[in-house]
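Step one of this worksheet: look at the structure below.
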Amino acid sequence: MPTESGSCSAARQAKQKRKSHSLSIRRTNSSEQERTGIPREMLEGQDSKLPSSVRSTLLELFGQIEREFENLYIENLELRREIETLNERLAAEGQVIDGAELSKGQLKTKASHSTSQLSQKLKTTYKASTSKIVSSFKATTSRAVCQLVKEYIGHRDGIWDVSVARTQPVVLGTASADHTALLWSIETGRCLVKYTGHVGSVNSIKFHPSEQLALTASGDQTAHIWRYAVQLPTPQPVADTSQICGEDEVECSDKDEPDVDGDVSSDCPTIRVPLTSLKSHQGVVIAADWLVGGKQAVTASWDRTANLYDVETAELVHSLTGHDQELTHCCTHPTQRLVVTSSRDTTFRLWDFRDPSIHSVNVFQGHTDTVTSAVFTVGDNVVSGSDDRTVKVWDLKNMRSPIATIRTDSAINRINVCVGQKIIALPHDNRQVRLFDMSGVRLARLPRSSRQGHRRMVCCSAWSEDHPTCNLFTCGFDRQAIGWNINIPALLQEK
């Protein structure tokens, strides 16, 4: 067995001795300067085994740490003053933000073997502390203006689309990957009608503007029009859901999803045959909508085309071609014969049917990834959302560049605009739903916690501007739709 030579042994002992001295100096200097407050000049005059250059470098590093503490302390005080100012504004509403945690020593860190590691830990801890305070204020704001009212649970798979009826009685409609569409009582959350006519995923649902008709698009390459008749049940008292966690993120797994093994929609009336079936696509029909007046309907498909149908005869009127890749969405103007289609080719197109003899098309280019949806607003504006994590507001009279751009931290799914108040609801892949105004100013984020809110990707949202109980609905891959009450006057006032 090889033995260690005398020279190697001596070198190892010398190395261990130097390491021991280095650790001793580091502990002694830090403890003396922090606990006894000995000035740096006195420390520099003490005897040390370290070379003067090394000792000078160490003292300079400790000085940088001290200055960093001072900067953090000053910023800490400024944050406390800002919180006190905000508390004065919220005092009339009885809402107070507790910023006292700053004085409880949250800027703590363990000793490190390297001054750079110590400095980094201080920065990380400080950011976490201040983020908690800022998010606490935002959570209070969200609770004041956005409250979860009702959950609609009954689907066996993810929900792609949600819509609100335009006629009385006002009901909620959901389209799901479980091949069904369900109609719900908004007040009670009870399933009223189940539609099972499709043999593929139901990707979209829209209500007729004046009759009790629903239009659904499906992965079976068809769109169906079916008639429903519902009677609303007696409303039950709404449970208090104001005690919710706000913007503090809580990671949830699939086990947190609602338990819907018992199909709550099994006892409601079932419609199995459509009134009209619209057939001509060669691929998945991803969306469908009614043109103004309800006599025609438009569909968007993965076969790269959109089709315009006559509702009464189910005949194809126009085939709208031009997109280079699969379509993702279509939307119609509420008062004019205009259609907008979005596509994976990073564009959306405006189709004009106001002149019966011709139909024109305009192409909007501005996104760098799939345009997931584009919707009309009041006047001559269109709002588009994309997987490139941006939302753009466009003026139809100037297609060259958007008039506003909203940048987010996650891909955006089917957006919806509150026409009367001009508020945009943005559902995200990261389970969040954010509210913005038309100029791009963020108004609020819907609260979400481990107990309430969506637990997986949010696919779509729909406004119901005149409903007294819920005026925003969202749906997602967690197999549930949620009704929210949005205090719009308070929301706009806080802006």
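Just so you know, glycine gets a Cβ as well, placed from its N, Cα and C.
Automated prediction, rather than curation, is the source of TrEMBL annotations.
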Feature coiled coil in TrEMBL, mapped to one of the ranges 69-96, 125-152, 433-460: 69-96
Three-state composition of the repeat 'WD' (320-361), taking helix and strand from DSSP: 0 helix, 21 strand, 21 coil
Composition by DSSP (helix, strand, coil) of residues within the repeat 'WD' (278-319): 0 helix, 23 strand, 19 coil
For the repeat 'WD' (195-226), sequence-distant contacts whose Cβ falls under 8 Å of one of its Cβ atoms, 6 or more beyond its ends: 157, 160-167, 173-183, 270-279, 281-290, 292-294, 297, 299-301, 309, 311
Intrachain neighbours beyond the repeat 'WD' (278-319), with Cβ under 8 angstroms and 6 or more residues off its ends: 161, 200-201, 203-204, 206, 208-211, 213, 215-219, 221-225, 325-337, 339, 341-343, 351, 353, 359
Three-state composition of the repeat 'WD' (364-404), taking helix and strand from DSSP: 0 helix, 22 strand, 19 coil
PLDDT averaged over every residue in the repeat 'WD' (278-319): 96
